[in-house]
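Student: Sharing a structure below in structure tokens format, with a few things to ask.
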Amino acid sequence: VENRPKYYGREFHGIISREQADEILAGVEGAYILRESQRQPGCYTLALRFGNQTLNYRLFYDGKHFVGEKRFESIHDLVTDGLITLYIETKASEYISKMTTNPIYEHIGYATLLREKVSRRLSRTKNESRKASVMSEENTQVEKITSLVRRTALTQNDNHFNYEKAHNFKVHTFRGPHWCEYCANFMWGLIAQGVRCSDCGLNVHKQCSKYVPNDCQPDLKRIKRVYCCDLTTLVKAHNTQRPMVVDSCIREIEARGLKSEGLYRVSGFTEHIEDVKMAFDRDGDKADISASIYPDINIIAGALKLYFRDLPIPVITYNTYSKFIEAAKISNPDERLEAIHEVLMLLPAAHYETLRYLMIHLKKVTLHEKDNFMNAENLGIVFGPTLMRPPEDSTLATLNDMRYQKLIVQILIENEDVLF
């Protein structure tokens, strides 16, 4: 065949019709050829004989061969995997449909172990939550917000430590026989037989992944870094209420930096901030950020801000961003406060707890305004774009929303005792 694409071999038969391909393959189950489309020159088709008929698939190449999601080094591997899949789906379609309806997920070792971890964590964090709620209740100026909303806040606060997390499934090629940990059935195919959660290692069929509960328990061995890691993933991996970066930095700042002039506004040396980031990524909660290593408190403050900026999903999530902006536009102060409170309740538990803890800290910063010259408005300017980003990467949207971002953080700081 002339002008044969260099990535095809003897299976390529040039420009031929469907009818010609059908004649060549007639009566030979599993046989296949490649052909160039008569209607669309430059487009290629895999003609495959299966079930006494010739099936035609649009074929692509981007360094690897594919007709769907899976990519293969050779056409031979693609066809082999395709024949396995076609055979299984033809001969066992009824069985496959039952797999997800009668799973053994609840009875296998993984689920049992996970349930024990979750119950231990929840019992501890809920007790801490109740203590915090009682203390907050005693010190709260309830007149700032309606008693009804306040009661709702306290009631829902208990539920905010149920740290649900969806699994982070990615297509995976298993070496050797593998079984789905949801339905306990065999994973068939040569490559990409199923999906694996990159955070906890759960292995399931792709179709089963839709039914697995949001009960991912990340394994520290799989979490390669601290910065740029999803907030909920990091919290669950370390079994803490908040990211340890936030706890460590705030603890250090409150110990020796609350009176530092321009705290959070004055920048530390970028290379030193990167050093702190690397220390957390390398050593986790054992990272040394003491005054003997970093005497300039602005380095620690800068590292904390960098952590929030590097989050793949901001503390104030993309899903709630527009609701916060709309709440900030309400002119009536009481109604605005209630609207902000309602949106706070929509945040994922780990995000809510992190934001609550940060606002308590920033309120302490404002109490030393005479020394550090940082009031709630100034902190709002600094932390607004750090804690919330618009879902779409639009410079114009960011500029238009900046004053509302500032206002949201300012209100959260000034009213942290009634909003959280």
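Here the Cβ of each residue, glycine as well, is placed from N, Cα and C on the backbone.
Summarising the annotation, TrEMBL assigns domain 'SH2' to 11-79. The domain 'Phorbol-ester/DAG-type' feature in TrEMBL is assigned to 166-216. Annotation source TrEMBL lists domain 'Rho-GAP' at 229-420.
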Student: By DSSP assignment, list the helix, strand and coil residue numbers for the domain 'Phorbol-ester/DAG-type' (166-216), in that order.
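Tutor: Each residue of the domain 'Phorbol-ester/DAG-type' (166-216) counted once, the result is 3 helix, 13 strand, 35 coil.
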Student: Quick one: DSSP breakdown of the domain 'SH2' (11-79) into helix, strand and coil?
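Tutor: Within the domain 'SH2' (11-79) the tally stands at 13 helix, 28 strand, 28 coil.
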Student: Average the per-residue pLDDT over the domain 'Rho-GAP' (229-420) and send me the rounded value.
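Tutor: 93, rounded to a whole number.
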